[in-house]
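Visitor: Here TrEMBL flags 1-18 as signal peptide. Marked as domain 'Ig-like' by TrEMBL: 44-128, 145-231.
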Amino acid sequence: MFILTVIKLLLIALNIFPSRFTNRRIMFLIYMTNLVTHVMMDEPRFAQPIPNVTVAVGRDANLPCVVEHLGGYKVAWIHIDRQMILTIHRHVISRIPRYSITYTDNTWLLHVNQAHQDDRGYYMCQVNTNPMISQVGYLQVVVPPNILDIESTPSSVAVRENQNINMTCRADGFPAPKIIWRREDGEEITVEKKKKVLVYDADVLPLTKVSRNEMGAYLCIATNGVPPSVSKRIILDVDLANDLGAESTCWRSIRHRCNHRLPHGGASQSHYLLGVQFGDGVAEQKV
């Protein structure tokens, strides 16, 4: 306002005392007048920054761009990561049908319907002034965890007693999921040279010199802060070794009837052979 007042006074002086102003001074006054007029005009400006938005995959997201004093200029939305023009003014340019645009109260609202992971990234709201003005916001698309069965230990696995086994659990999602292990019965897990823990944090659960006390159900749980968390139940069977040194995966009772004839023409007698079979070995008892 002060500059404008000074220029007005100079213009009045020019009319009163024209002989005191050279052409150079007159041109300077004209330049200053145009400059101040341009500054004083209402130019487009952003009323607020674009917020960063987080949405779960498959859900809808909205990015607002608030522009004041737009006048005859136009607003465009651009997905920077894809280098793709999405909308210009009220027209959708992108061939992706999930994008749309609405305008209300100086707000140009970009709609992203059923967000995909490819939609993640920076979005620019641009006004075609000269020079161009723009601002950027970020759309984060998060994905709940999913256990990859093809890369994980099967739901049932067996190991020989006193042998080692690694149980694996892989999961994807965004952000990358964290994997924890625990026993379904709440008992401690023995890892790393007989260290006992209630929860083990890693994709791979290493069990060394497995004992029969470690058989049972183990839970692999994947979390990344995006609900729901998921889990996989893995049954660990231990092939036991019996006292005869035979390894077994099962046991069953055995009962055999045996007939023996006594010497010198005596009558025959019967007895039964009872026992338990462990793999290929039989523990016997004569009755």
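For all residues, glycine too, the Cβ spot is worked out from N, Cα and C.
Structural setting of the listed features?
Guide: Here the domain 'Ig-like' (44-128) has, by DSSP, the following mix of helix, strand and coil residues: 3 helix, 45 strand, 37 coil.
Secondary structure of the domain 'Ig-like' (145-231) per DSSP, as helix, strand and coil residue counts: 6 helix, 44 strand, 37 coil.
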Visitor: For the domain 'Ig-like' (44-128), what's the model's average pLDDT?
Guide: 97
